[in-house]
Amino acid sequence: MTPRKRAATSRLGAICTAISRLPRGTGTLIFLMIWEVLARISASSFVIAAPSQILDYSLTHAGLLWRAFITTLWAAARGFFWGNLAGILLALVATLLPRSERLVSTLALLVFCLPLVATGPILRVLFGPGDGPQVTLAALAVYYTTFLPVLVGLRAAPQGWFDLIRSYGRGRLIILRDVRLPAALPYAVAGFQIAAPAAFLGAMVGEFTGAERGLGVLTVRALRALDLPATWSIALLAAGVSICTFSAVGALGRRLDLAPPEVLLAAPVGNPSSRWTGAAQAFLALTVTLSVWHVAMQAYDLPRFFAKRPWDVWRFLTSDPAARAQLFAALSETLSLALPGYLAGLALGAALAMLLTLMPRLSATAIPFAIALRSIPIIASAPLIVWALGRGATGTITVVAVMIFFPTLVACRQGLARTPRAVLDIFAVYASSPIRRLFGAQLPAMLPAFFASARMAIPAAILAVTTAEWLATGRGIGALMATVASTSDYNMLWSAIALIGFAAVMSHALVSMLERWVLSRTNPEQLAR
Amino acid sequence: MTSGVQQDITLQGVTKSFGAPGRQIEAVAPTDLVLQGGSMTALVGPSGCGKSTLLRLISGLEVPTRGQIRIGTETPDQLRRRAGLAVAFQDAALLPWRTVTGNVALGRSLAHRPRDRAAVAELIRLVGLSGFERHRPAELSGGMRQRAAIARALAGLPELLLLDEPFGAVDELTRDRLNTELPPLWEARGATAVLVTHSVTEAVRLSDRIIVLTPRPARVAADIAVTLARTRTAEVLASDAFRAICAQVSQALRLHQASEGIPAQ
Ligand SMILES: Nc1ncnc2c1ncn2[C@@H]1O[C@H](COP(=O)(O)OP(=O)(O)O)[C@@H](O)[C@H]1O
Ligand SMILES: [Mg+2]
């Protein structure tokens, strides 16, 4: 560090300590005052609600907010339970039947990528009134982020532990009980931690589609009426719940005295042994997806008018050129916004993570903040971001980037922290500059985490872009799905879902390929198994 | 199960190769051996020569590519399936979420033995980990972890004990003490033991017989009987006979060390 930089950092530190020395609450007070002034200045642009307005709204509507909150929380809690149960069971199946892993992972990803905009209305038709859709969407929002870490945890055990159990002549059941399950526990807690805010978000989206009560209902009303104080109050409430549940699960994990998991996200699946097995697996996944889709609808005898079979989608797409053109135009518009946002979110997250290793003092304050922001539900932040930045490309791209930025930052930080101590010591012995250490030792250690978040960011980007289009900009495939859902154009809706699912799986495969290509050069040990 | 019936270990034409056909690595060359039941045999050889592989073959964790192994009339798999053997692994393989006590107790429960707190505590004391009962493996040094692994292997009262460089990370002083205190634990029960070690003195001190192995693929280079009194008292260790055997083993090792890289045919 140059003397000037050091002086700057120490000045920053001095300001921090000065603020922390002020009487309790003074900092918050100053923050609120700045906020209030900003809101008053920008009142004409309808973006920021002032704290006083938010307080006023919350107090006058306390009863309403409370009842809505309890309704949503109850649906979210049940969705949390079922979703996590499903995630754990899927991970167990993929572990105990290793041959099924690829198929299970692909199907799990596919279902997770189904856009909430479209699944919401369909579930509403399926369930009718009541909170079935809310619970289902909450479950759908969480199972994947539990499935992945639990799968890693169940498999992450070193060979020696299995040898130990086997040397006593014990089999898979004991290995599961004494090795795999305890090893997976911290991974499961990490998954639950992400799942808790996600379940709340899922329940709120479920309420968008014709529920009678809940925070989601209030959100829709507030957005329609451009009621700024109400929108902000709900957003703050949702954010508060998310942060509280996130921290509560984290505290539970610490109480259980669990070692934090080594890798948060899934290690990549190894290369298929030949080109043919890869193609065969892709074909198998496609066949199974289409059969499950078809058979499930037949088995439950769902009405053909709204539950479209794969064949209906195919016929629709091949027979109606006008609709096809409309669909593809919407999809390409959406992708042209999702891709820059995706790349920007990843790049900024990784860049800030690296920057923070160069300034450890800053990271002590920045990281908890980032973790808290990560759990603010997208449906609360998306409309506000779009209102602030406009309905053009910038707003949507920012929503996507923000959605991806925080998880990437946190994951990359964890990756950087995994740099082996001994390697860092070598750089320290030669008194290398922090930059040199970063690129020589820490960056390679970060890459697996970076690629893992790049894979996880694909469903996140789809969720973000479709939500922004649906709630705020009114363009692209998100808005198209919302429109055709309300006009009961189910051919178009199912076609849109199928296309999005296809695009998601293809992007995932592309990122995985890139990941294997890079990691086989930088971190071959990650691909060993 | 300390039946007292001491089963010989018989290896007949045992070989082991790893890897895909065409690019195979031969770890163990054709080997015929009979290890007497109730005795302690030491395997010494340069690192990477196939000692661990040989031990894993005897434990049934690895299946020979050719040839067969019998312990008495049983296959290693049969012995393993009735929890008749225990392995102290080279890398300890302790479960990180269990305490020292928990790990040692696991050795009992996996071997279908009833719970016995006193026995577990006594073993922990014997390997010199008193005071660390409630510590997790991450809080122990490498040597302490290996000692916990030995205690776990002994906890199941095995008929066949397989020790893979059990004292590799243990300091000299502790090692000396363990070399005196541990052998009576399995000798008293008449258990058969196979020890892999790097240390020539340790091999001579603990075993009845020393098999010197060639560099990979492992084959028997020298088979040296340790003709010393069973109880290796300080006088025995200071004797000329002891030193002579050490010299004999070292020489056998050196002789074959020199042939590394030259096909050992
Ligand atoms: N599972 C395995 N797959 C491939 N090669 C192995 C495997 N286990 C051991 N080897 C090879 O066999 C040889 C002997 O290994 P090992 O028995 O561990 O040696 P030692 O214990 O004598 O140091 C080594 O060259 C090692 O690379
Ligand atoms: Mg070895």
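Any Cβ shown, glycine's included, is placed from N, Cα and C.
The domain 'ABC transmembrane type-1' annotation in TrEMBL covers A:69-253 (among others).
Positions annotated as domain 'ABC transmembrane type-1' by TrEMBL: A:331-515 (among others).
Per TrEMBL, the feature transmembrane segment maps to A:29-49 (among others).
A Cβ distance under 8 Å defines the sequence-distant neighbours of the transmembrane segment (A:69-96), meaning residues of its chain 6+ beyond its ends; these are 104-105, 108, 131, 134-147, 150-151, 154-155, 172, 176, 180, 184, 188, 191-192, 195-196, 199-200, 202-204, 206-207, 213-216, 237, 241. The feature transmembrane segment is assigned by TrEMBL to A:69-96 (among others).
Same-chain residues lying 6 or more positions outside the transmembrane segment (A:103-123) and placing a CB less than 8 Å from one of its CB atoms are 90, 93-94, 132-133, 136-137, 140-141, 143-144, 147, 151, 202, 205-206, 208-209, 266, 269, 281, 284-285, 288-289, 292, 306, 458-459, 462-463, 466-467, 470, 478, 481-482, 485-486, 493, 496-497, 500-501, 504-505, 508. Residues or ranges marked as transmembrane segment by TrEMBL: A:103-123 (among others).
Among the features that TrEMBL reports, transmembrane segment is placed at A:135-158 (among others).
The feature transmembrane segment is assigned by TrEMBL to A:179-205 (among others).
Among the features that TrEMBL reports, transmembrane segment is placed at A:230-252 (among others). When Cβ-Cβ distances below 8 Å are used as the criterion, the transmembrane segment (A:230-252) is approached by residues 48-49, 53-54, 57-58, 61, 65, 69, 73, 189, 192-194, 196-197, 200-201, 204, 215, 218-219, 221-223, 371-372, 374-377, 379-381, 383-384 of the same chain, each at least six residues removed from its ends.
Counting residues 6+ beyond its ends, the transmembrane segment (A:282-300) has Cβ neighbours under 8 Å at 102-103, 106-107, 110, 307, 309-311, 505, 509 in the same chain. The transmembrane segment annotation in TrEMBL covers A:282-300 (among others).
Summarising the annotation, TrEMBL assigns transmembrane segment to A:337-359 (among others). Sequence-remote contacts of a segment are chain residues at least 6 beyond its ends whose Cβ falls under 8 Å from one of its Cβ atoms, and for the transmembrane segment (A:337-359) they are 9, 366-367, 393, 396-409, 411-413, 415-416, 434-435, 438, 442-443, 446, 450, 453-454, 457-458, 461-462, 464-465, 476.
Marked as transmembrane segment by TrEMBL: A:371-389 (among others).
The transmembrane segment annotation in TrEMBL covers A:395-412 (among others).
Look at TrEMBL and you will find A:445-472 (among others) tagged as transmembrane segment. When Cβ-Cβ distances below 8 Å are used as the criterion, the transmembrane segment (A:445-472) is approached by residues 109, 112-113, 115-117, 144-145, 148, 205, 223, 263-268, 334, 337-338, 341-342, 345-346, 349-350, 353-354, 378-379, 382-383, 385-387, 391, 395-396, 399-400, 402-404, 407-408, 411-412, 414-416, 418-420, 423, 478-479, 481-482, 500, 504, 507-508, 511-512, 514-515, 518-519, 522-523, 526 of the same chain, each at least six residues removed from its ends.
Among the features that TrEMBL reports, transmembrane segment is placed at A:492-511 (among others).
Beyond its flanks by at least six residues, the transmembrane segment (A:135-158) meets 75-76, 78-80, 82-84, 86-88, 90-92, 94-95, 101, 105, 108-109, 111-112, 114, 116, 119-120, 123, 127, 179-181, 183-188, 190-192, 194-195, 198-203, 205-206, 261-267, 456, 459, 529 of its own chain at Cβ-Cβ distances under 8 Å.
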